């Protein structure tokens with residue numbers, strides 16, 4: 001049992017103002033594995049005051065000083081690798097190999113990318129007799145999701161530290177352990193008091209007062225659209241800057257000249273990775289009618305090889321859904337797909353055989369899906385694929401963009417000219433060609449209802465900066 005009932009405020013582990021706690025459940029076993037404080041407004045106020053007190057001092061640190069701080073964080077993060085991997089497997093249910101290869105590594109990559117971005121980032125620019133200055137925005141509130149406990153937290157923290165902005169972090173109450181380890185890392189390497197503050201709790205007790213606090217100048221949130229909308233409403237009262245990374249319903253366009261086995265393997269991975277709990281999951285797979293039958297045969301073969309099971313067993317590729325609530329939501333979407341007339345091609349409702357304990361879902365494929373069906377329009381956040389056929393490229397692009405979301409898109413094929421045309425035509429913040437992968441120095445964010453602003457690398461740093469023009473500075 002992990003007992004993390006203290007908050008980290010102003011460089012110290014302190015008792016929460018609240019006597020309440022939140023239990024953390026291992027989704028693979030349905031057992032309580034720890035608890036964290038259920039913080040309240042008083043905790044938030046104390047954390048914001050600590051951050052505000054150090055704001056001017058931290059803002060005026062040099063780039064070299066902030067790079068040195070990030071260097072120390074990187075080294076200690078690497079020292080805590082096993083602790084981070086174990087915590088994520090416990091709280092999220094991610095297979096150990098995934099926790100190490102993806103979750104741990106992505107968190108590390110963002111600290112490195114922010115440090116490297118500072119090598120060439122210009123905080124000042126001369127324009128004739130005038131000067132343009134970019135300076136830290138001030139106290140920033142960070143609210144992070146449960147599906148990537150280190151990635152989503154590290155990318156925000158790294159950018160804020162690089163910019164010189166102190167923060168108050170509220171991690172997800174479902175996966176808070178990784179954030180506590182990050183706090184321990186920052187404490188050990190000597191992050192200045194007040195620069196980093198951790199307040200555990202739920203949205204009502206911590207998220208709301210953080211979003212409304214008059215001394216918080218910027219809110220950075222990753223999560224659902226409805227919650228993002230509420231944060232914007234609260235932040236609008238005093239015109240805070242807001243950065244949002246929200247949901248997605250990403251298209252994966254398969255071209256007719258593709259290697260079918262390669263395409264089936266790639267699209268399978270994009271749906272089952274992290275048990276489908278990925279905002280960029282390519283869950284709408286668009287396939288040319290002319291290769292549909294061959295593609296589906298290979299797709300079924302690829303899905304049949306996916307091993308769902310105990311995240312601590314060797315060979316497990318897919319772990320459980322995060323919670324009973326989320327498991328039930330995935331089941332409801334699968335049933336909705338059947339009700340609306342989509343053809344169940346693989347998987348379906350219920351749990352995989354032999355996995356009655358834990359929130360395990362069956363990887364599922366629907367075919368003959370109309371893009372207006374619920375399963376093709378709404379984010380499921382589970383291992384559920386919708387296969388949609390198209391007749392020509394224009395139709396594929398039209399279907400791909402027929403969504404309220406625009407976080408990511410994918411295309412796979414051989415003809416470079418066609419690949420480039422599709423990539424430029426998809427309305428999304430990130431498009432991957434032939435499984436190229438996303439590097440941590442590339443900007444990340446969404447079009448339409450997938451969010452506002454950009455994260456990662458120098459673009460992420462800029463979210464935590466204000467721009468000042470000083471006329472006549474060089475006269």
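In case you wondered, yes, glycine gets a Cβ from its N, Cα and C as well.
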Per Swiss-Prot, member of 12, 379, 395 binding NAD(+) alongside 146, 147, 223, 224, 246: 379
Residue 223 (NAD(+) binding site) CB neighbourhood, other CB atoms within 10 A: 22
Cβ-based neighbourhood (8 Å from the centroid) of the NAD(+) site, residues 146, 147, 223, 224, 246, 379 excluded: 145, 222, 227, 247, 279, 381
Farthest-apart CA atoms of 146, 147, 223, 224, 246, 379, residues recorded for NAD(+), distance in Å: 16
Count of other CB atoms lying within 10 Å of the CB belonging to residue 246 (NAD(+) binding site): 24
Spatial neighbours, same chain, of residue 279 (active site, nucleophile) - Cβ under 8 Å, 6+ residues apart: 147, 222, 245, 246, 247, 248, 379, 407, 408, 450
